[in-house]
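What follows is a short report on a single structure.
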Amino acid sequence: MFVNTAAPTNSQAQASASAGPSRSIPSLSDNASEAQQQQLVEQREMSLTPRQREKAPVRLRRNREVELDDIRLDETVSDQEIDLLISQYLENRGSPYVAQLWNEQVLGLGMDISRKEQIEDVERAILDGDYGSIEALISKPGLLRLQTQKAFLYLCYRQQFLEHVENRESQKAFNLLQKRLKPLEHYQPVPYDFYSLSYLTSASTVHDAPTFRDWAGVGPERERLTGTWRELMGSERGDGRNDRYVPPDRLKTLLRQAAAWQVSQIDQQLPDKIVKLPTLLTDYRPLLLPSRLLFRHTGHAANVKCVGLIGKDGRLGVSGSSDSTLRIFSTEQSTTTHVLAGHTSRIWSVDTLDTATIIASGSGDGTVRLWDMNNGECKGVLWGDGGDVYSVKWRPGRDDQVVTASYDRILRSWDIEAGKQVRTFSGHSQSTLAVAFDYTGNTIASGSKDKHIRLWDAVGGVCIKNITGCLGEITSVEFDQEGRYLLAGCKDNSNRLWDLRMQRNLYRYTGHQNTSKNLIRCSFAHNASLVVGGSEDGCVYIWEREGGAHDGSVKQQQQQQSSGLLAPNLIDTTPGAAAITPSSSPIPTAGAGVSVSVNPSATAASAAYYPPRSMRAAPVNHSTSGGINVRPLKVLEGHGEGAVFDVAWKDGTDKMISAGEDGIVGVWG
């Protein structure tokens, strides 16, 4: 999603000028006192024309921030309007069947015949005195809202109660009052109606209560209740839901307005053009790129091969080293909580779960060990016969299954409770170095020394796709949150982003070194809007996922970067860190997150461009090594001599850690 924050265009300025005479508006100074600011605000408001004052921001007109608690909505009306917005959204998405179900079940549209039959069934039940079936009849989907159902049900039970009193069936009347009317007391049509009914339990006739002196008898009162039902259904059917005008894309417009309000609350300089939001599921928070090394965790006696962040908050991290140990450490201070010993060879891989306290580690001794992060004890060992375990990953949503990539070219799926293999995946011609699950846990990606990436059916165990576009060994693989894109680290000095739906290589992230050292890894960061990775030169590299501008102009690249998620004061705008080299032909691709198909001004040269069906070229062969070259957005120095093997950045946190050949674990901020 894009929120426009650009200055008004010339045409907009002319339109503003035409709305009224030009007036001098005093400006607010950041250094002015509160009293002076108040005076300036009042002067500025007085200088506005009535038309301008009507359109002035709430902050200017009311001189205070508007909190969410200050907003009051009519719940009944807002619920109906939200239903209409959802209906419009489903229709725009090209889901007519789902939209039809929604209209029928929620809005009650397109059901004229069946609705008429339902209304007649209720009328017949009232006239026949069959009150026991009325509750089931009026609760059918699309007929009445819940609150209206209960209010009408009170009237029906009230009518039944009065008939019991009229027929001198006092015990039935008393039971009905306690079991049916009492729970619906707050739906009474007039105040003290329930108390009048309670009085009638000891009366001889209905007319003994002043409230019911106009009681006309069973037959006429049933006719009156039927008339009430018809009026109610007429108002429900004729409430304008069929004919109410909903502006085009109203739901997205409201979401943009809400996002614009959130962005405006951030106390920093706003970008010149647009703000790109990676997700609508959380509040907007500007991205602050790490700029310095906060802590250097020492203790390992050899190089650190892998790192991972523990839990959703990332307050703890874990590292695996060639000294055959793992260490659990704090990311907020330079302390180590546990040292995990048990492996007899170097630790190649480590993986954690957000919802569990178990850590899985893969080692050169051919085993996978499971550790309790609270006390550092080994909870179990998975013994294999495939040699070095280069990668281990938990299956999403499960704390009892892991998958491993081993030296013997085979992937293995493990049941950790039973301590045995569940399934093997064979197909690579050389050692498998990397493995990953998609978010569903039903698809596995693997990378190998044979330079191939394979996608597997995690349940059936068959290979469903083979990608051969990389020119070097595959050292890491990772899916994005939606499972549409795959990031791979290659030993050809590049990390590559693959569009699995279009089956092509979109971007090549370059600038780092990855040709000779073992397992230089990369991964997504910040809701997959960034790519982070290590390098043989001892630096941590950060790339913008979609690469910004596609031409060689540094100025345009800086403008593109400043209009994205990145805080302007933290963007590395040096030519060497921002240059982007286009490929021989631009490769169109959809943007990430909620930005897909939202920017109507996208051109063929932008990453958000998606050509119409008639203009699309034939499918690209997987072996094509194309893709737009993307240079680093930021390069962080801090490790000693040697490579940086692994980098981890937990989404929703500002924690980033790195594993170095110098035996140091770096914590960046």
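Backbone N, Cα and C atoms are what each Cβ position is placed from, and that goes for glycine too.
A TrEMBL annotation is a machine prediction, not a hand-curated record.
On a predicted model such as this, the values are computed, not experimentally measured, just so you know.
As recorded in TrEMBL:
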COMPBIAS  1-22  compositional bias 'Low complexity'
REGION    1-56  region 'Disordered'
COMPBIAS  24-41  compositional bias 'Polar residues'
REPEAT    340-381  repeat 'WD'
REPEAT    382-424  repeat 'WD'
REPEAT    425-457  repeat 'WD'
REPEAT    467-508  repeat 'WD'
REPEAT    644-669  repeat 'WD'
Long-range environment of the repeat 'WD' (382-424) - Cβ separation under 8 angstroms, sequence gap at least 6: 345, 348-353, 355-356, 358, 360-364, 366-370, 430-441, 444, 446-448, 456, 458, 461, 476, 519
Composition by DSSP (helix, strand, coil) of residues within the repeat 'WD' (644-669): 0 helix, 15 strand, 11 coil
Residues in the repeat 'WD' (425-457) grouped by DSSP into helix, strand and remaining coil: 0 helix, 18 strand, 15 coil
Residues of the parent chain within Cβ reach of the repeat 'WD' (644-669), under 8 Å, 6 or more residues beyond its termini: 282, 288, 290-298, 300-309, 312-315, 317, 319-321, 327, 329, 331, 517-523, 525-527, 530, 532-535, 538-540, 636, 638
The repeat 'WD' (382-424) - residue tally per DSSP class, helix then strand then coil: 0 helix, 24 strand, 19 coil
